[in-house]
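Below is one structure, written out as structure tokens; the observations come after it.
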Amino acid sequence: MASWNSIPLEITYQIVGWIAFISWTFGFYPQLILNVRRKSVVGLSFDFVVLNLTKHTSYLIYNASLYFSSTIQKQYYEKYGYDEMIPVAANDVAFSTHAVLITLIVLFQILIYDRGSQKVSRIAIAIVIAVWLFAAVCFFIALPRHSWLWLISIFNSIQVFMTVVKYIPQAFMNFKRKSTAGFSIGNILLDFSGGVANYAQMIVQSIDQGSWINFYGNMGKMLLSLVSISFDIIFMCQRFVLYPNKKSQVPPKIIEETTEPLVNTSDHKQSESLG
């Protein structure tokens, strides 16, 4: 089992890791507090929240399994070498656990606060169902040979995919409304900080070990930060450049249409034509 070669780098790794954890953790609260103050979730994409729950649940399964399971750790060492370090830290597990809990609270806010005419789109529901069915199939494929490392890598890939997909509804809603009202920018600023710190943590570990295996050994963590930072930049441009301090410029009927931002279902189009 690999160990740290430099105490200062190990301390730096821990500090930067917990900075990422704190940034990402507190990044959930601006939106939650904004919802409480407004007693409304209008302007927050419900698709974003629903997809986010699947994303964080998948990431929790990956992190907790690799961090706590000696069997999966053994499979990791056999694949990447016993001189390599496990690419999941305690802060990764703590973040994932907290993320799932807070996302559930936001979903509860959606149930109890003013939603306007917004709803979860059929596309988002279909994506969530398809993802979990795919995960179930992978579980039964892994079961006979106990390919647990392969299985959790699937969950790691799922969380990367969901990270890409989950941001699209909110970005599209902001574009359609020509406003970011109801969507907290504080969440984005802290998310951006966490992504940068996450990259810094992986770089510190690579420098100490003289190897970049932890990047492609934990491709999900690397891609998570890359995708998050990219969309954070888009949201910051929307908030500070494109739609600064603007309220929604479209009527509620148009806002309702943005709840299906990925594609419009054929059933929805047919119902409109019949109406």
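Easy rule for this one: first residue shown is 1, then count along the chain.
Cβ coordinates are placed from backbone N, Cα and C, and glycine is handled just like the others.
According to TrEMBL, the features are:
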- 12-29: transmembrane segment (TRANSMEM)
- 41-62: transmembrane segment (TRANSMEM)
- 93-111: transmembrane segment (TRANSMEM)
- 123-142: transmembrane segment (TRANSMEM)
- 148-168: transmembrane segment (TRANSMEM)
- 180-202: transmembrane segment (TRANSMEM)
- 222-242: transmembrane segment (TRANSMEM)
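Between the transmembrane segment (180-202) and the stretches 12-29, 41-62, 148-168, Cβ pairs under 8 Å are most numerous for 12-29. Remote same-chain partners of the transmembrane segment (41-62), defined as residues 6 or more beyond its termini with a Cβ less than 8 Å from a stretch Cβ, comprise 31, 35, 88, 93, 96-97, 99-100, 103-104, 106-107, 109-110, 113-116, 118-121, 123-125, 127-128, 131-132, 135, 152-153, 155-156, 158-159, 162-163, 165-167, 169-170, 172-173, 177, 179-183, 220, 224, 248, 255, 258-259, 261-262.
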